[in-house]
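*Asks:* First the structure, which I've put down as structure tokens, then a few questions once you've had a look.
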Amino acid sequence: MEKELSNRDAGSSNTTVSHQHSLEHSLSQAEIDFTRVISSQNASSISLTEFMPATKLKGKEDWIPEPTYSENFNNCEISPTMSKEYDLSFPEHLNAYCYEIGNHTEFSSPKNGSTGVLNYYLMDGGSLLPVLALDIKPGDKVLDMCASAGGKSYLALQTLYPDNVICNDISKSRTDRIYSVMKQYLYDLEEKWLEKRKLWISLSDGRAICEGDFDKIIVDVPCTTDRHSLKEPENNIFRPDRIKERLKLPELQTELLVQALRLVKVGGNVVYSTCSLSPIQNDGVVHLALKRIWEETDIEVSVRDLSVALLQTASVYKLADHKCMKYGHLVVPNLQINFGPTYFCKLQRIK
């Protein structure tokens, strides 16, 4: 009896192994059935309720590859003015420190000094370059259109150049965070900065700002925040329930940049920046904004090529090959110099 059971078990095991091999072979030969994809274009409500034996229904737009968005990139009618810059000035009162290449020592947490404020501000080194590219001069009026958490605005203030810095963001939680950061680093925040309007914290959708006479504008737009998305897998924009928000990012980014170009003075600078590696969110958005400005306004914009000026930063930053970029510059993280990703593009309004 035991022998018979053993033989039966062995036979069952052989059948299972054979079935597994057959299944693996079938899967390896399987092809995607695109007839089962429901197109978002011209789809009726009936088609969306038809039986689809699948665990998830995924919008087709989320599968569109990046080249599709930019397939006409080089065939556009616009031909923006491109001008080289040969110097990247570093304000004398701005102090920035980092460890040498290959040194992975971490900075300790900042501590309160004798005036009760923290003694230094920790930030990604890549965030410094968009502020330097802005080329702030004494007496400038500066707008940080999407300012939270306030690091770039704080850098602008630390130059001691601007007459006014306006820190704007879209929600109270974000403006509260800006205020908290400034309170931690400016001991006389209320008396010297806020009451005298040297610093102004504004709650508004950047696209709705229609007043102001700004010399310099930084547009550090909402993006996929690649480093944050990598470190925070449970709370980032790649979550399935945020697909629509993610797909609409380039549209939002373009509208913010277009509005900044409308607001800046003739001769003033706008720096567009992200912390993403996405070509769509970077050069793609700049291209779309320039196209809209060319089609909808009489404004003329010059794209400033900083590739020569940035050579002096080679000992601190690793930049993507400029031949791969159409408009801007990209700080690329690596093991030896782990800053970024930070994309930035300098635009100057010339008319």
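Including glycine, each Cβ sits where the backbone N, Cα and C put it.
Found this in TrEMBL, in case it helps:
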type: REGION; residues: 1-24; note: region 'Disordered'
type: DOMAIN; residues: 40-350; note: domain 'SAM-dependent MTase RsmB/NOP-type'
type: BINDING; residues: D169, D220; note: S-adenosyl-L-methionine binding site
type: ACT_SITE; residues: C275; note: active site, nucleophile
*Asks:* Per DSSP, to which secondary structure element type does C275 (active site, nucleophile) belong, with helix, strand and coil as the options?
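*Replies:* Once the DSSP labels are grouped into three classes, C275 (active site, nucleophile) ends up as coil.
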*Asks:* Mean pLDDT for the domain 'SAM-dependent MTase RsmB/NOP-type' (40-350), rounded to an integer?
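*Replies:* On average, pLDDT over the domain 'SAM-dependent MTase RsmB/NOP-type' (40-350) sits at 89.
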*Asks:* With every protein chain in view, how many other Cβ atoms are within 10 Å of the Cβ of D220 (S-adenosyl-L-methionine binding site)?
*Replies:* 24
*Asks:* Between C275 (active site, nucleophile) and D169 (S-adenosyl-L-methionine binding site), find the distance joining the two CA atoms and give it rounded to the nearest Å.
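*Replies:* Between the Cα atoms of C275 (active site, nucleophile) and D169 (S-adenosyl-L-methionine binding site), the distance comes to 17 Å.
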*Asks:* Would you mind checking how many other C-beta atoms are within 10 angstroms of the C-beta on the residue listed as 'active site, nucleophile'?
*Replies:* 22
*Asks:* By a simple count, how many Cβ atoms lie within 10 Å of the Cβ of D169 (S-adenosyl-L-methionine binding site), its own Cβ left out?
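*Replies:* Other Cβ atoms within 10 Å of D169 (S-adenosyl-L-methionine binding site): 25.
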